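**Q** Can you read through this structure? Questions will come right after.
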Amino acid sequence: MSETTSTNEENKLPLNGRRAIPPNYSNDEENEVPEMEAFGLIPRGFNPRDYLRVVDIYMFKEPQEINKQEHHTDKYYNPKLIVRRGQAFQIQIDFNRPYQPQSDQFWLEFLMGRYPQQNKGTYIPIPVGSALKPGQWGAKIIHRENNSIRLSIMSSATCIIGKFRLYVAVLTPYGILRTRRNSATDTYILFNPWCQLDAVYLDDEKEREEYVLNDVGVVFHGNVEDVKSRSWSYGQFEENVLDACLFLMDKAELELSGRGNPIKICRVASAVINSRDDDGVIAGSWNNSYDHGVAPSAWTGSVDILLEYYSSKQPVRYGQCWVFAGVFNTFLRCLGIPARLITNYSSAHDNNANLRMDFFLDDEGKVDTRLTKDSVWNYHCWNEAWMTRPDLPVGFGGWQVVDGTPQETSDGMYRCGPASVQAIKHGHVCFQFDAPFVYAEVNSDIFYTRMEKNGTQVVENIDTTRIGQLIVTKEVGGDGMMDITEEYKFREGSDEERLALETAVMYGVKKQSIQDTTYQPQTDVDMDFQAQKAVLGNDFKVTITFRNKSRNSYTATTYLSGNIVFYTGVPKSEFKKHSFSAKLEPSSSSSFDVVIKSSEYMRDLLEQASFHFFVTARINETGKILAVQKAVMLEIPTLRIKTKGELVAGKETTVIVEFTNPLKQTLENVTLRLEGPGMLRTIKKQFGRIPMNSTLTWEVKFTPMRAGLRKLIASLNSDALRHVYGELNVQIQKP
């Protein structure tokens, strides 16, 4: 007797006065399920073999079989059954004898986690009935033959997503007989954008193919006058990526019972994508030194990052905004939530959320870097996820902003969203989550303020159009750019725009009125700044143009300051100072050129080859100040990719990557990466150095497995040069 007591003691749950069972947030852990669950004492003559017994279960889980085809999961590189919720799938059960509906009774059980409970959706018993109801759990027999039956099983359109264990239970007079634990029958259930009852339902097939099934995307970067693009491999169907994405929810400690809700999943994922405060997936670094890690610009896709994190459980170094957004997009698409990567050009990172970016000028009109704390990012990437918002009033569902880049804390953690794009456009920033922050990123004004000796602030200039002037994403079905600025804001200066701003202010977005400060702009002189297309390593010129619309003659004392900046707009060093006096004749325009030499900027250049020019001019006769700022991107050379011979699935082929060093210096510590989503896992190769003007050639042999249109993506990284990319579309023929 004593032996049984001690084992019972061991199986008892740890005592906790607050909850009957411990928190249940691991999809991986399991409980013991008895093969024979007796109702009481079992008589001596009982033999389980006398009853209906399951011999085999067939899941139709091959990519070409009915389940994965109908559920759009045939691309997942995963041997188990993967289905989408709210849609029927089929399995076949072989018994030891023909099934007799009058006398035999059996049912299915889906279990998840260590403590399955029916009311939490982690234990789901499914009786066999005569009809299936849309969007509710159920099973019915659709075919009987000899000892086999085929079942059609419907899952609930709101069920939790993740990996379930399947058991078949048979009722006998003395107890329940269950099948043995068999991992081959494990079933993944995902979100279903094809199902009208699912919270992530998207009604356009072309959009579903793009936002759920496309495993390659485009990241737009550069700046608003010079939009650049590069491909990114999402790789949501690659081997182990689905398990890695489910692990992220375990890591974020999201209760299993909450995993049917895309709002909750997005909220916790936006925190776990970055490593701040929870040792999440990617460690950010914006300081141009990437020791013991990979430079953010070197990654070509999400797969390496997710798989490294899944195996090491340690943050992967390093990322910047497009890396966070790329990995987040993989996570969302992998689970079945429609998602896209967004770029906001001239994105305001405002440290005190007052819709006002302050740039302080000193007496002479130069920018005072000591006082200026706000920064304008050349661009910032975030994601949009598609879902209904039953927690908000009607009309705020659809695209939601989610952002995994750690910028500000929200409810105590570095995370952002989901915030309704529709709510941001109309200024309804009272609706959760983090709408005021996103509203400021796309709507702030830039104030140029001069501090007088006695401490009063004089606003010299206000730029209301620069922030958030272009918001883009990849077009559906192509690699081009789609302008979605109008989804975030009304046209500058329209009545609707003013109304949206008043609404946002009413809901607590701080907006300092101009009445608080004195502001009388110089209206009869305009100043403009243009830069010539500049190639990395070459000289280029910039032009400052004044237009004097008055009948007076003026002289303008003009300062030009050229800074090398991080893409976040934070300056690293000033490399160019130039001042001159400009004579402005009445009713005419005059232009002044300034040459920027490569020797002035090459030493301090940062990886995105990005400059920031401030030009300020004081009209001596009136004392008024004109100010303009502009980001300039250098043209960075690209990698050339070509293939040799024919491309046929199952046959070895050769890819050649070439690069010519355009700089007047040797490149040190060169690393190349090459990846082809769906055909070639990332391979990297180190090259010691590339002397100036010499060409590097790298040949890679590989065997593509599947036919179809695919993309090869390559990146080059070195001490002096980063953000070098190349790509090639390839059509792989059927054998």
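Cβ from N, Cα, C; glycine included.
Values in this document were obtained by computation on a predicted structure and should not be read as measured data.
Pasting the relevant annotations from TrEMBL:
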type	residues	note
REGION	1-26	region 'Disordered'
DOMAIN	313-406	domain 'Transglutaminase-like'
ACT_SITE	Cys321	active site
ACT_SITE	His380	active site
ACT_SITE	Asp403	active site
BINDING	Asn443, Asp445, Glu492, Glu497	Ca(2+) binding site
**Q** State the count of C-beta atoms found within 10 angstroms of the C-beta of Glu492 (Ca(2+) binding site), not counting that atom itself.
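**A** Here the count is 11.
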**Q** Rounded to a whole angstrom, what is the C-alpha distance between Asp445 (Ca(2+) binding site) and Asp403 (active site)?
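**A** Per the Cα atoms, Asp445 (Ca(2+) binding site) and Asp403 (active site) stand 22 Å apart.
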**Q** Write down the Cα-Cα distance for Cys321 (active site) and His380 (active site), rounded and given in Å.
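**A** Distance between the two Cα atoms comes out at 6 Å.
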**Q** When secondary structure is assigned with DSSP, how many helix, strand and coil residues does the domain 'Transglutaminase-like' (313-406) contain?
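**A** Tallying H, G and I as helix, E and B as strand, the rest coil: 15 helix, 41 strand, 38 coil.
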**Q** Counting every protein chain present, what is the number of Cβ atoms, excluding its own, within 10 Å of the Cβ of His380 (active site)?
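**A** Other Cβ atoms within 10 Å of His380 (active site): 28.
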**Q** Between C-alpha atoms, which of these recorded positions comes nearest to Asp403 (active site): Cys321, Asn443, Glu492, Glu497?
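**A** If we rank Cys321, Asn443, Glu492, Glu497 by Cα distance to Asp403 (active site), first place goes to Cys321.
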**Q** Would you identify which of the recorded positions Asp403, Glu497 has the most other C-beta atoms lying within 10 angstroms of its C-beta?
**A** Asp403
**Q** Taking the center of the Cβ atoms of Asn443, Asp445, Glu492, Glu497 at the recorded Ca(2+) site, which other residues in this chain have a Cβ no more than 8 Å from that point?
**A** Thr464, Thr465, Ile467, Gly468, Lys489, Leu501
**Q** To see if you understand the setup: which same-chain residues, six or more apart in sequence, place their Cβ under 8 Å from that of Cys321 (active site)?
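**A** Spatial neighbours, sequence-distant, of Cys321 (active site): Trp377, Tyr379, His380, Cys381, Trp382, Thr405.
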**Q** My understanding is the cutoff is Cβ-Cβ under 8 Å with a sequence separation of 6 or more in the same chain; which residues meet that for Asn443 (Ca(2+) binding site)?
**A** Ala348, Leu355, Ile467, Gly468, Lys489, Leu501, Ala504
